[in-house]
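Structure first, then comments.
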Amino acid sequence: WIMGHMVNAIEQVDEFLNLGANAIEFDIDFDKDGIAQITHHGIPCDCGRKCTKKAIFTECLDNIRQVTTPDDPKFREQLVLLALDLKLQRISSAKAYRAGEDVAKKLLDHYWQRGNSRARAYILLNIPLVEDYEFIRAFKDTLKNEGYESYNDKVGINFTGNEDLDKIRDVLEILGIHKQVWQADGITSCFARGTERLKEALEKRDTPGYNYINKVYAWTLVRKSIMRRSLRLGVDGVMSNNPDRVIKVLKEKEFADKFRLATYNDNPWEKFRG
């Protein structure tokens, strides 16, 4: 999976897909009451990027619904995964439950259209810190209460704050989540990051019977040397400001026979068995 990073303006969706991304990540900003308002990262952000692009969240969902719906004029077959980077660290943890309710309802109304949409992308909920786990509980409660619990099959969980992996496992255990879990490891493209935690996540992913990590991705990679390093370690995905660079690396002799771009037929919740 090649995730286009910080795709917050509607016009950026096609831009990143044209560069080769098959997944996009966008930032969801909340008001003080936990209501999702806009897709917006803000300052600071990655080096070489404009941090201020934005869109109304519901308008973003309406557009992406079209882009991921077969036979729609806007349909782009390659876009199979949406990563929602939830900026919960900007609001009180006490509002995390309200935020989860709101995002679930907006997805129901604007993306899935309560069963009337054929939009098919998988959705990854990126939670910044384990202290905000009530967002996940609220999201699942809302799908159940609204009568659309089946959409859980399309939704995965990912904690992005580089926290202790055992601590993350404990929270997932509290929530009763034993599947559909991704694990991110990374840092802004402005800085270098070692591989110790990334290797630990990959080791846990590959441990038989360990159900708290199904996929691992590294972020935010812009240098080809770091992309190569991550691929050699065996990551499932790369988040990048430059998907075209990832495409070029994947075509290199070392990787061409080992990796390919994920398609809709690849289940993002299953561990890869090479």
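Here the Cβ of each residue, glycine as well, is placed from N, Cα and C on the backbone.
Since we're looking at a predicted model, the values are computed, not measured.
Together with E25, D27, Swiss-Prot lists one candidate of D85, D102, D109, D132 for binding Mg(2+), that being D85. For C190, the partner cysteine in a disulfide bond according to Swiss-Prot, taken from C47, C51, is C47. Matching Swiss-Prot disulfide entries to the candidates C45, C60 identifies the partner of C51 as C45. Of all Cβ atoms in the shown protein chains, 24 besides its own fall within 10 Å of the Cβ of D27 (Mg(2+) binding site). Other C-beta atoms found within 10 angstroms of the C-beta of D85 (Mg(2+) binding site) number 25, with every protein chain shown included. Rounded to the nearest whole angstrom, the C-alpha distance between D85 (Mg(2+) binding site) and C45 (disulfide bond) is 13. When the recorded positions E25, D27, C51, C190 are screened for a C-alpha within 10 angstroms of the C-alpha of H5 (active site), the residues that qualify, in sequence order, are E25, D27.
Of all the recorded positions in the record (H41, C45, C47, C51, C190), the one with the smallest CA separation from E25 (Mg(2+) binding site) is H41. Once Cβ contacts within 10 Å are tallied over all protein chains shown, the disulfide-bonded residues C45, C47 are led by C45.
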